[in-house]
Amino acid sequence: MNRRLNPSLIVGGFIVGLIVLIALLSFIWTPYDATLVDSSIRLAKPSWSHWFGTDKFGRDILSQLMVGARTTLFVGLVAVGVAAVIGVPVGILAAMTPRWPSEVIMRSNDLLLAFPALLLAIMFGAVFGASTLTAMIAIGIATVPSFARVIRSGALQVMRTEYVLAARAAGRRPVPIAVRHVLPNVVSLITVQASVSFAIAVLAEAALSFLGYGTAPPTPSWGRMLQESQEFLFSAPRLAVFPGLAIAVAVLGFNLLGDGLRDRFDPRLEDRR
Amino acid sequence: MKSLAAALVGSAALLAVAACSAGSGTSSGTSPGADQSLAIGLVAEPASLDFTTTDGAAIPQALLGNIYNGLVKQDETGKIVPDLAKSWTVSPDRKTYTFTLVDNAKFTNGQQFTADDAVFSIDRVKTAWTTSLKSAMDVVQTAKAVSPTELQVTLSKPSNDWLFRMTTRIGAMFSKTGVDKLATDPVGTGPYKFSEWKRGDSIVLQRNADYWGSKPYFGQVTLKYFKDPTALNNALLTGTINVIGTVQAPEALSQFTGNDKYQVIEGTTNGEVLLSFNNSRPVFKDIRVRQAIRSAINHQALMDTCWAGRGKLIGSMVPPTDPWYEDLTGIAPYDQAKAKSLLQAAGATGATLRLRLPTLPYATSCGQVVKSQLEQAGLKVQIDQLEFPAAWLTSVLKGGDYDMSIISHVEPRDLRQVFNAKYYTKYDDPTLKQYLDAADAGDEATQIAEMKKAARRISEQAAADWLFLLPNLIVADKNIQGLPKNAITESFDLSRLTR
């Protein structure tokens with residue numbers, strides 16, 4: 001098997017690429033204005049003019065899904081960004097400090113890890129008001145521990161390599177070592193972790209919007225589309241199917257991409273072959 | 001009467017006393033010995049059980065008429081009829097009311113109800129109440145107990161509104177020795193007594209064995225509160241509750257309409273869904289902007305879209321159950337071209353307005369339609385959502401920090417309370433006040449004529465937009481009787497219900 005181009009990587013990359021393309025496309029073109037209410041065509045069935053039909057406001061579902069992809073990606077990017085910006089330095093710091101400060105960092109990390117991400121986000125929503133921004137930041141903070149943990153283990157390995165030992169023997173300060181030697185060697189770990197976290201962030205945003213703690217109407221969001229379809233589960237179940245599928249496919253895509261990237265980068269897998 | 005800035009914004013349809021639509025088996029004395037229980041599903045749990053200090057329609061909905069009695073109450077036709085007062089007379093100058101009270105009413109703390117308690121309750125509105133509704137009692141000069149069963153109330157000027165307000169929560173009778181724990185342990189003379197409040201879940205009421213009137217049918221009634229409209233529907237489908245007091249997901253009604261196990265009741269309420277304007281904002285000082293907004297909204301399409309077409313279009317702050325109702329929907333018909341040219345003339349095309357919505361199903365839903373329709377007319381609308389009740393009451397109702405909002409005002413006859421410089425609408429209009437004062441002071445015919453003028457005035461002045469009137473939409477097990485068709489009072493009268 002060609003490890004560089006494994007199936008997970010190809011399929012995951014394709015799905016993610018497609019979502020990114022759709023999101024970008026939505027900036028310049030959607031079939032209809034995604035927030036335009038037209039009561040005369042409410043709850044229209046899928047047809048040539050509205051491929052996925054319309055919702056209870058007469059809004060085109062396809063257009064909403066396209067704009068919703070933007071929300072999804074944006075939330076994922078910011079949440080993962082927040083997690084990486086905090087989690088990576090914390091992980092490296094934990095790997096480079098002596099035993100007890102490292103223990104303190106990692107135990108407080110575990111404490112946060114034990115705290116459910118959704119609960120944290122709902123708390124944030126209650127305190128700072130429900131919005132996409134608070135949801136993104138809360139999801140990001142909740143993802144910090146998993147980043148820190150993975151990066152720390154990677155950094156520990158790097159710290160034991162001869163070139164780092166040599167650098168330390170030569171009297172280089174810890175910060176240059178971290179930036180010059182440790183960070184470049186954990187970039188692949190960061191990429192993999194980011195991709196997996198992205199999937200989690202997408203799901204979390206959907207769940208929060210479903211609960212009313214995420215994206216505020218009328219900005220399209222897959223989670224809120226699901227929520228709005230609730231009262232139609234008996235009369236027009238298709239309203240729930242399309243956003244549901246979009247969420248499932250996006251999460252699958254990011255997970256596959258994460259798997260693929262791990263296979264691509266993980267040196268241990270290389271040794272095994 | 002002074003302006004009373006009532007805060008009677010409630011969640012949704014308030015259900016009421018009103019008509020025994022579905023047959024009235026009650027009177028035949030269905031043995032109150034039958035120890036049956038009933039569970040009713042409602043939305044928007046009260047924040048406290050003390051309506052003397054806390055706003056919100058959910059509190060009188062649960063307590064008024066059930067735990068508390070007033071001196072008078074409204075019957076199903078809206079007429080004022082005796083409750084704790086057996087009868088009353090009005091002096092020729094219409095300023096002195098003499099009530100003859102029942103002599104066999106007891107509070108649930110064991111105390112006898114006397115005229116002293118009535119005096120205490122009336123005076124207490126002025127001294128201890130903190131909600132803006134208390135101003136309804138400002139017109140009272142003195143209240144005195146002539147004998148244990150005779151109460152005399154003197155007003156500073158004739159007022160049609162005062163006796164009517166006595167049918168609302170303002171007229172609730174409290175025990176002199178039972179007001180220490182109103183927020184958690186209310187004491188009244190009603191057919192039910194307070195049993196338990198599981199916060200976030202339910203309020204349980206037990207039949208008051210010492211009730212002075214005819215005993216209610218159900219021995220125990222549970223008011224169960226739901227946040228999610230779909231969960232509320234499902235609770236009825238699974239038998240957790242017997243009645244949906246107010247349907248919040250009208251699109252899902254088809255689950256019940258075709259099903260023999262359930263009855264669906266549809267009528268009107270006092271819940272005018274208002275697109276309120278902050279009239280103190282410079283942009284709303286221009287009547288053309290307000291009129292443009294009213295013309296830009298296609299009300300029928302809006303109601304069809306966001307509330308499944310259920311409800312009634314009204315053109316002003318008067319529900320069809322009030323004596324001075326007129327169909328005023330013709331004052332601001334949907335006309336997008338006119339809206340555009342009005343905005344143009346006012347120089348407000350492209351203006352950005354902040355629409356702050358409470359997290360209530362009808363507001364979230366209708367807000368998106370309003371935004372879309374106003375943007376087609378050339379305005380920009382920014383929506384944000386505020387948690388209801390706490391955040392919305394603080395920011396919008398008390399803080400006035402908004403341009404537009406959407407809320408149902410469920411207080412009966414609340415035109416004066418809502419369109420008032422001191423209320424969150426910041427609507428200051430001396431002409432309106434003149435009409436209202438004339439209505440309050442005049443005889444019945446004058447009252448009706450002047451109230452009609454007032455209703456027309458606020459509609460023509462576009463003091464707000466009336467999106468629609470919430471329907472009284474109840475779904476219940478087939479065998480529950482005594483549910484009201486129209487909800488015209490503040491209370492959900494449990495004593496009329498039978499199985």
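Quick reminder: no glycine exception, Cβ is built from N, Cα and C everywhere.
Among the features that TrEMBL reports, transmembrane segment is placed at A:9-29 (among others). Residues 63, 66-67, 69-70, 72-73, 195, 249-250, 252-261, 263-264 of the same chain, all 6+ positions outside the transmembrane segment (A:9-29), place their C-beta atoms under 8 angstroms from a C-beta of that stretch.
The domain 'ABC transmembrane type-1' annotation in TrEMBL covers A:69-258.
Within its own chain, the transmembrane segment (A:73-96) has Cβ neighbours under 8 Å at 19-20, 23, 102, 105-106, 109, 132, 135-137, 139-141, 143-156, 158-159, 174, 177-178, 182-183, 186, 190, 193-194, 197-198, 201-202, 204-205, 215, 254, counting only residues six or more beyond its boundaries. Taken from TrEMBL, the feature transmembrane segment covers A:73-96 (among others).
Taken from TrEMBL, the feature transmembrane segment covers A:108-127 (among others). Only residues 6 or more beyond the boundaries of the transmembrane segment (A:108-127), in the same chain, are considered here, and those with a CB under 8 A from a CB of the stretch are 90, 94, 134-135, 137-139, 141-146, 148-149, 200, 204, 207-208, 211, 213-214.
Here TrEMBL flags A:133-151 (among others) as transmembrane segment. With a threshold of 8 Å between CB atoms, the same-chain residues lying at least 6 positions outside the transmembrane segment (A:133-151) that come near it are 74-75, 78-84, 86-88, 90-92, 94-95, 105-106, 109-110, 112-113, 115-117, 120-121, 123-125, 186, 189-190, 193, 197, 200-201, 204-205, 208-209, 213-215.
According to TrEMBL, the transmembrane segment annotation covers A:182-212 (among others).
What TrEMBL lists as transmembrane segment is A:232-258 (among others).
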So what's near the transmembrane segment (A:182-212) in sequence-distant terms, Cβ-Cβ under 8 Å and 6+ beyond its ends? 12, 71-72, 75-76, 79-80, 83-84, 88, 91-92, 95-96, 117-118, 121-122, 125, 130, 132, 135-136, 139-140, 142-143, 146-147, 150-151, 154-155, 158-159, 164, 221-224, 226-227, 247, 250-251, 253-255, 257-258, 261-262, 265-266
